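Colleague: Pasting the relevant annotations from TrEMBL:
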DOMAIN    21-302  domain 'G-protein coupled receptors family 1 profile'
TRANSMEM  6-30  transmembrane segment
TRANSMEM  42-60  transmembrane segment
TRANSMEM  80-102  transmembrane segment
TRANSMEM  122-144  transmembrane segment
TRANSMEM  164-185  transmembrane segment
TRANSMEM  247-266  transmembrane segment
TRANSMEM  286-305  transmembrane segment
């Protein structure tokens, strides 16, 4: 039908756009020396996972959608490879988003302690843990924890073993979901406190850029005339306007899109094996591709809030021409 053709065309365009957009982000980070530092290594790690989703996972999912009855006709070996990369790349993408949210939170509220050296070390540790955890969850079915392929029904899907379902969905989504919601709540709480009208602040004009040497117990506000920036300080936390407010907005949008894209899939993925519910295949496909679309939105969000990326994109295309 025409509707089916339109849907498949949309999925093909989504796959191609996700691959090209994330590839552009990676190429820009590699070519621009200013991006060879934190937090761009976290952005690069996210782009790598999203490129792999578009290159290795989404095409095979599209082949499955094209088959009659959404059956898997590519054999057991390719089924195992597809499921393994599906879990690996999607889990890594989710945890990379969590790492970006944590990095922004610490850079906003712990500017004194979260130095460039500490930020580099912590970001490298988060990237390593992200890929190790993702590999552990994805390789478990290959080691015998549940079955992903059914030759009789020609079905290829995630392991439906209840214990694996709980561990995999918890480690791949529900744990990072709790982390990002906690981070957003803390950022919202800090912004509401520091930007609210009920704070008790001391105002001191400084001839040079504000440099907070140590945090006092009472909230303080330091006004910088040179850059018209305001730094709030309380209990070792600092909050600077307007740069940090923009970063907080980016984190909020990143988390909101992440939750909207993935929560339908992981709710049904957790409920289905535990209650033996029969969810229509069309809804499973909708929820799955909605989760895949998060890999398309990620680079749009964290580059839209950074003018350096926009300028780098323009310079990149000018040089190519």
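Placed from the backbone N, Cα and C atoms, the Cβ positions cover glycine too.
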Colleague: Using a threshold of three or more Cβ pairs below 8 Å, and leaving out pairs closer than 6 in sequence, do the transmembrane segment (6-30) and the transmembrane segment (286-305) count as in contact?
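Modeller: With 3 or more qualifying Cβ pairs, these stretches touch.
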Colleague: Is the transmembrane segment (80-102) in contact with the transmembrane segment (247-266), using at least 3 Cβ pairs under 8 Å (sequence separation of 6 or more) as the test?
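Modeller: Taking Cβ pairs at least 6 residues apart, the transmembrane segment (80-102) and the transmembrane segment (247-266) are in contact, with 3 or more under 8 Å.
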Colleague: Count the Cβ pairs between the transmembrane segment (164-185) and the transmembrane segment (80-102) that lie under 8 angstroms and are 6 or more residues apart in sequence, then report whether there are at least 3.
Modeller: yes
Colleague: Could you pull out which residues elsewhere in the chain have a CB under 8 Å from any CB of the transmembrane segment (42-60), counting only those six or more residues past its ends?
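Modeller: The answer is 11, 14-16, 18-19, 22-23, 25-26, 29, 74, 78, 82, 85-86, 88-90, 92-93, 96-97, 99-100, 103, 123, 126-127, 130-131, 292, 295-296, 298-299, 302.
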Colleague: Averaged across the domain 'G-protein coupled receptors family 1 profile' (21-302), what pLDDT does the model get? Just tell me the whole number, please.
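Modeller: Within the domain 'G-protein coupled receptors family 1 profile' (21-302), the model's average pLDDT equals 79.
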